[in-house]
Amino acid sequence: MASRSLSPSLTPCLWITVSVVCVCLQLLCGHVACGDAQNAREVILLDSKAQQTDLEWISYPPNGWEEISGLDENYTPIRTYQVCQVMEPNQNNWLRTNWIEKGDAQRIFVELKFTLRDCNSLPGVVGTCKETFNLYYQETDSEVGRSLRENQYVKIDTIAADESFTQGDLGERKMKLNTEERIIGPLSRRGFYLAFQDVGACIALVSVKVYYKKCWSIIENLATFPDTVTGSEFSSLVEVEGVCVSDAEEEADNSPKMHCSAQGEWLVPIGKCICKAGFHQKGDSCEPCGRGFYKSSSQDLQCSRCPAHSFNDLEGSWRCDCEDGYYRAFSDPPSVACTRPPSAPQNLVYNINQTSVSLEWNPPADTGGRNDVTYRVICRRCTWEPEECVPCGPNVGFSPAQSGLVDTFVTMMDLLAHANYTFEVEAVNGVSDLSRTQRLFAAVSIATGQAAPSQVSQVIKEKVQQRSIQLSWQEPQQPNGVITEYEIKYYEKDQKDRVYSTVRSKSTSATVNNLKPSTAYVFQIRAFTEAGYGTYCPRLEITTKEEATGRMNPVIIIAVVAVAGTIILVFMVFGFIIGRRYALAVKFPGTKTYIDPETYEDPNRAVHQFAKELDASCIKIERVIGAGEFGEVCSGRLKLPGKREVSVAIKTLKVGYTEKQRRDFLCEASIMGQFDHPNVVHLEGVVTRGKPVMIVIEYMENGSLDSFLRKHDGQFTVIQLVGMLRGIAAGMRYLSDMGYVHRDLAARNILVNSNLVCKVSDFGLSRVIDDDPEAVYTTTGGKIPVRWTAPEAIQFRKFTSASDVWSYGIVMWEVMSYGERPYWDMSNQDVIKAIEEGYRLPAPMDCPPGLHQLMLDCWQKDRAERPKFDQIVGILDKMIRNPNTLKTPVGTCTRPISPLLDQSTPDFTTFRSVGEWLEAIKMERYRDNFTAAGYGSLESVARIHSVCFDKLFLLTKHCIWDHLLSGFSSIKAIM
Ligand code: AMP
């Protein structure tokens, strides 16, 4: 393109060249002098003014736009384009820039500076002269050559001048420069061209600037935010994540962010970085703590000086190390001083009382700088000659405890008589276990005195006759010497112990003779040694047999024996024939019976006879699910070679067990291993040859039935509940057929799997006594879960399958009431009394009457009257097959159907007034309420529904108002 220098000629274009120079002076001035912050956010892609050589844009047709060179006042050349074909009609002059690569930009700013001649000031141009021009762009990924096709351009806008100038302005040298800015975008190609279309105006394009905006990298809140190009929309903010400066980290849940605005400004800082442990903030960076200082956490602001008895030699430490002989407990924060173990307790004194020893001492002189000093006692029993000491073992009792003592005294009990003991009392604090220095303790050596033997145990009636009773018992656990004899004290129960007799025995059994027939006697036994008598064991009540009435005629006896013998013979012959004839068709039931593992001399043999020994490597323990009597219960997986992996529960025997504990623990496996029924928990095997000793049982996902029901209160249908009960009954039928009496059947001892299958669990001989938290001591000796146990089992320890049926009735009640506690909060004593008086639990809410009737049948006082488990299974099966029988009559006030209950209905004829009746039932405090409610006469009281009276009477007696009263609004109103 031709370029011309500015020359003072009189061509029609003279005015334009002059204006260019003046405008350029203005522009340069603004740029140099003002250099504002706004410009700092811009990235310039094209600035025609900054180019001093030819721009060489494309102009078409060639006689349209012309490139003109000029000089500013500093004689700096500038480049510009002008066009002024105002005289000719139909002008279409195009000017296109070179290709502009857009870089990261999405929104492009185009700033145009130009001057434009007022058509009115040009003579003879009416109709052809224009005062606007058009701005276009074309996006491309690369340069497209120098040809120019109009239809490929997108119009940005028609640009008009805010101010045009006239010939007169030229004379005054007042140039009117227009500045217009347009924005294009979002752009997607790599670059673009700009094009200017003139349609017959007189224009000088003084400068074209193309740029985009950016937020420039900064550090804010210890986070670096990188250069960020603004968003594509005018209103958009670009969210930018900050990166923490070195040795800083993001504050928890508060990572640093900022927002880059369309104007290239950083806005809305959120979150922050903080200096890491060992570093503190200085300006926009983190610097290490100096020597002798530390900062333990990024949350702390400043470095702190090392606490007492600690130091550090390095910069940037998060903690200080303890000096030699000083320690920090695991729970001590780095900010506390290092401490050391306490010195020994002082002034240890003792006091011996037979086989008990009390120790007292003063606190140590030096607590080591801590206030968590406690004391522990080490007990050793020593032989006299030579003196060799062994730990005292678990039989010695410590009160209040052996270790963790806060007070400065302790008593050791159950020591052996005439034995030599050494006790060491050590003061310990939070760092004692960290110290490798020698233990400091106060010690005493003591010889215990004489002591009487402890109680005999397990008294058993071997033989009860009309006039004699044979007893046996176990030697006391602590004889404390040689037992020379036992004394058996006995008296008639009715006489109390005002008159009693004694019998002596050298062995652990004795026969007491000369007793009266059919008489209840109370027995107590104690042992005797050189040190005197021990205490009596708990009372044992035994009733002698009835005396036979009259003598039988020997002839009759012979006749009876002969007849009986004949009958037996006939049956034997008949049985033999039948047995031979039908040997293949008839199966005699009950051939497999339960074997009590206690009958084995070596209990280990019993375990290995009934339980499979598993290889511990086949078991994978996963998590703890409960606490058993002997240790934790875990869940896990069992993979036996050639078998599918199964989920299992693993009962473990805790470390430090005694031989007896091990035996009792494995006893459960010896029992469980004999059973094989879908409603009895299945034993997979045992691990006895490794540690820990384990019992591996099938896994029951829903745990114990009582808590399972409580968790899902009201969520099952009656059929589902009856299905569970049916399963339990089937499991119990199997166990009773095997001759096993459970003794502790209760919902807590039923396990539920993921398919709601209920299985009987908790087997063991001593478990009822040791394991069940519900078991309490009864007056007849022994521990019993009273609420679940049949009266004959409570009274004279008569445990049979019939007593299991009673317990089953209670389980039915637990199930139908979704885990309610039987007899609610009545005391055990009240429960025993109520049962004795004929009270039976009422039907739980929504319980079908048929099921409650079955419960009542299980709670028959006479155990022979109770149904057998196979009958129970039959009844439940029938109910399941005929669900109509399980419907609860709507709106009925279901009455507990107990024959004995009716005896409790008050007989109003024996009372003269309501007050007298209330007094009789010990409810006189409600007298005013009855009067106020309009029940002043006995007649009006009698009108209250008699069923409700049954309940009222029971309730007043057993204090369980709230549970049963719901539904009896008339009575509730009075109460
Ligand atoms: P136990 O020693 O039998 O009374 O067990 C203690 C607790 O461990 C029970 O109350 C159950 O919650 C849980 N448990 C015992 N055996 C199993 C099993 N086979 N499957 C799932 N949980 C069990």
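For all residues, glycine too, the Cβ spot is worked out from N, Cα and C.
As recorded in TrEMBL:
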{"type": "ACT_SITE", "residues": "Asp744", "note": "active site, proton acceptor"}
{"type": "BINDING", "residues": "Ile625, Gly626, Ala627, Gly628, Glu629, Phe630, Gly631, Glu632, Val633, Lys651", "note": "ATP binding site"}
{"type": "DISULFID", "residues": "Cys84-Cys202", "note": "disulfide bond"}
{"type": "DISULFID", "residues": "Cys119-Cys129", "note": "disulfide bond"}
{"type": "DOMAIN", "residues": "42-220", "note": "domain 'Eph LBD'"}
{"type": "DOMAIN", "residues": "341-451", "note": "domain 'Fibronectin type-III'"}
{"type": "DOMAIN", "residues": "452-547", "note": "domain 'Fibronectin type-III'"}
{"type": "DOMAIN", "residues": "619-880", "note": "domain 'Protein kinase'"}
{"type": "DOMAIN", "residues": "909-944", "note": "domain 'SAM'"}
{"type": "SIGNAL", "residues": "1-30", "note": "signal peptide"}
{"type": "TRANSMEM", "residues": "555-578", "note": "transmembrane segment"}
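Among the recorded positions Cys119, Cys129, Val633, the residues whose Cβ sits under 6 Å from any atom of ligand 1 are Val633.
Among the recorded positions Ile625, Gly631, Val633, Asp744, not one has a Cα within 10 Å of the Cα of Cys129 (disulfide bond). Here the Cα atom of Val633 (ATP binding site) is found 20 Å from that of the residue listed as 'active site, proton acceptor'. Closest in space to the residue listed as 'active site, proton acceptor', of the recorded positions given as Cys119, Cys202, Ile625, Ala627, Glu629, is Glu629, taking the CA atom of each residue. Neighbour density for Ala627 (ATP binding site): within 10 A of its CB lie 10 other CB atoms from the protein chains shown.
In the shown protein chains, 19 other C-beta atoms lie within 10 A of the C-beta of Gly631 (ATP binding site). Site extent for ATP: among the recorded binding residues Ile625, Gly626, Ala627, Gly628, Glu629, Phe630, Gly631, Glu632, Val633, Lys651, the largest C-alpha separation is 14 Å. In sequence order, Val633, Cys634, Ser635, Ala649, Gly703 are the residues near Ile625 (ATP binding site), counting only same-chain partners six or more apart with C-beta under 8 A. Geometry remark: Glu629 (ATP binding site) versus Cys202 (disulfide bond), CA distance 106 Å.
Working note on the recorded positions Glu629, Asp744: by count of other C-beta atoms within 10 Å of each C-beta, Asp744 ranks first.
Reported as a whole number, the C-alpha separation between Ala627 (ATP binding site) and Cys202 (disulfide bond) equals 99 Å. Report note: the ATP site is defined by Ile625, Gly626, Ala627, Gly628, Glu629, Phe630, Gly631, Glu632, Val633, Lys651, and the residues of the same chain whose CB lies within 8 Å of the CB centroid of those residues, excluding them, are Cys634, Thr652.
Considering only the recorded positions Cys84, Cys202, Val633, the Cβ with the fewest other Cβ atoms within 10 Å is that of Val633. On its own chain, Cys119 (disulfide bond) has Val86, Val125, Val126, Cys129, Lys130, Glu131, Cys202 as residues at least 6 apart in sequence with a Cβ closer than 8 Å to its own Cβ.
Counted with DSSP, the domain 'Fibronectin type-III' (341-451) comes out as 3 helix, 52 strand, 56 coil.
With respect to their backbone Cα atoms, Gly631 (ATP binding site) and Cys84 (disulfide bond) stand 104 Å from each other. Cys129 (disulfide bond): 21 other CB atoms within 10 A of its CB, across all protein chains.
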